[in-house]
Amino acid sequence: PLPSWLNILLAGMNPFYFHAVNVILHCLVTLVLMYTCDKAVFKDCRLAFVTALFFAVHPIHTEAVTGIVGRADVLACLLFLLAFLSYNRSVDQLYVGEHFPPTASPFFLLLSLFLGTCAMLVKETGVTVFGVCLVYDFFSLSCNGLKLPAQQSAASPSASLQVPPAGRENGKHRFAHRGTWSSCHAASPEEQRSSGLSVPSKAMWAIRRYCCYLTANNNQNFLYTARPFLKRAVLVISYVILVLYFRLWIMGGSMPMFSEQDNPASFSPYFLTRFLTYSYLLAFNAWLLLAPITLCYDWQVGSIPLIESIWDARNLATVFLVLVMTLLSLHCIAAFKKLEHKEVLVGLLFLVFPFIPASNLFFRVGFVVAERVLYMPSMGYCILFVHGLRKLSTWLNKWRITVLTLFALLLLLFSWKTMKQNEIWLSRESLFSSGVKTLPHNAKVHYNYANFLKDQGRNVEAIYHYKTALKLYPRHASALNNLGTLTKDVVEAKEYYRRALQLNPQHNRALFNLGNLLKNWICCTSKAQRRRGKVSWNCCLFCLQYVIFFLM
């Protein structure tokens, strides 16, 4: 990305300036998120500020902000929000009439396409902003400007004609209101009757009422009514197909290749194991957002065992997540016809859509859990959390001070956790040693720590962690190769290289190390044999092995 190129151009490879730019980008994302919540989510600007504050101190962002690799996620998130704001600006939010709101500014619509493309080029998850924009357009912007039967029946004919001349343009009624979800009409008798229903009943009632309106024979069919929205949808979908094709063309028409240790569940031959494990990983990521207690820079080999049975207790977490998401969706559907609870809609969109590329739903990804991938979905979580906090403080009016005090303590706790995580990322030793302490059953963190110890000349400790990694994951070819380089016994080292090549015949380092070992052994043996005037059969055999391995 451009910021990384500027970093190298202006400051070289100094890590301080890379980290400084990441922090600046994180601050920009926080400010733009606050602006987005103020303009398109909350009616109270104080809630937008609290959401941005909660987002700023969340510990899950530590990896994305401290690591140079995480810059892609931070920058893509910034472009994601700018694209969403541009699309929101392109739709005429002051329109109220029989049709969906038209496009007020083609420039901002094209700008949103450009920013969304930049987000996709920075990080693949950036392309999901187009889906967020279309769903938000249909359920929020368009439904806000569409006059529903309840609205038409609630207003008297004389009242509907009392429109100031300045508020009417080309037969379109315009009312100046701040938010796109402000409801200024009185509740209809149908809405009053539905107010006493449960959330699922309200959702079914809202869907039935909306479908009846769209299919009613009222001189306007659905295609004609939704024509402005359909034009935008066709343009955006066509453009997304084009940029995805371009993205695949850049990648050579093929997806990246990953190994079993990167994503063990995707290599399982059993569909049930893959389905249950992928489903549990969704609940696990949700738990990291809710309670970021255990954080680690790497969640690969052995961190999360596969779920191979429906009787595994971890499936309860998956069921609970499905239940919560279903209730939130039903609550959103039940309320959107009254132009309320847009916080739930935007929260769900920001939470779900950016995580879809990392869910293994459409293609295999190269990790089990990656905390930096949660940087963008955490925006939706923060919106939902603040919305729920506001609801809770309203219900517990007498305990409002207590609720706000607990939230302030939570902010302090998250800030402390973020500071502690930043200390872990200060050096290689602190980072790799923290992984061993946090996830001792993870073979990858033992391997990384052993590599660091090897570079520091602490060979005895390095051998211990290499062997620990092999106990946890016997198929770790790189650990076998590196262990062979530290072994003084030639026969034992040769056996390590052989095992590494059996697991991965294309392991270049193991091939080189074994060939070099055989070469040195042959030279030493040949010198000894020449002194005696003899040539042993072992020497010939090793020569033959040497040739075979390098011809493979």
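Going from the start of the chain as shown, residues are counted 1 onward.
Cβ coordinates come from backbone N, Cα and C, glycine included.
Only residues 6 or more beyond the boundaries of the transmembrane segment (16-35), in the same chain, are considered here, and those with a CB under 8 A from a CB of the stretch are 3-4, 7, 10, 48-49, 51-52, 55-56, 61, 64-66, 68, 70-71, 74-75, 77-78, 81-82, 85, 379, 382. What TrEMBL records for 16-35 (among others) is transmembrane segment.
Per TrEMBL, transmembrane segment is recorded for 68-87 (among others).
Residues annotated as transmembrane segment in TrEMBL: 107-139 (among others).
Among the features that TrEMBL reports, transmembrane segment is placed at 229-250 (among others).
Helix, strand and coil counts from DSSP across the domain 'DUF1736' (253-325) read 35 helix, 0 strand, 38 coil. Per TrEMBL, domain 'DUF1736' is recorded for 253-325.
Note on the transmembrane segment (271-295): residues 58-60, 62-63, 265, 304, 306-310, 312, 314-315, 317-318, 320-321, 355, 359-361, 368-369, 371, 374, 377-378, 381, 414, 417, 421, 438-439 of its chain, located 6 or more positions outside it, place their CB under 8 angstroms from a CB of the stretch. Annotation comment: TrEMBL describes 271-295 (among others) as transmembrane segment.
Sequence annotations record features per position, and here TrEMBL assigns transmembrane segment to 315-336 (among others).
Beyond the transmembrane segment (348-370), the same-chain residues lying 6 or more positions past its ends with a Cβ under 8 Å from any Cβ of the stretch are 63, 80, 124-125, 127-129, 131-132, 135-136, 255-256, 258, 262-266, 274, 278, 281-282, 284-285, 288, 299-300, 303-304, 325, 328-329, 332, 376-377, 379-381, 383-384. TrEMBL lists 348-370 (among others) with the feature transmembrane segment.
The transmembrane segment annotation in TrEMBL covers 399-416 (among others).
Look at TrEMBL and you will find 443-476 tagged as repeat 'TPR'. Within the repeat 'TPR' (443-476), the DSSP-based counts of helix, strand and coil residues read 27 helix, 0 strand, 7 coil.
The feature transmembrane segment is assigned by TrEMBL to 535-551 (among others).
Confidence annotation: the domain 'DUF1736' (253-325) carries a mean pLDDT of 88 in the model. Tertiary neighbourhood of the transmembrane segment (229-250): same-chain residues 90-91, 100-101, 103, 109, 113, 117, 120-121, 124, 127, 130, 133-134, 137-138, 142, 223, selected by CB-CB distance under 8 Å and a gap of 6+ residues from either end. Beyond its flanks by at least six residues, the transmembrane segment (107-139) meets 1, 40, 72-73, 75-76, 79-80, 82-84, 86-91, 229, 232-233, 235-237, 239-240, 243-244, 247, 336, 345-346, 349-350, 353-358, 373, 376 of its own chain at Cβ-Cβ distances under 8 Å.
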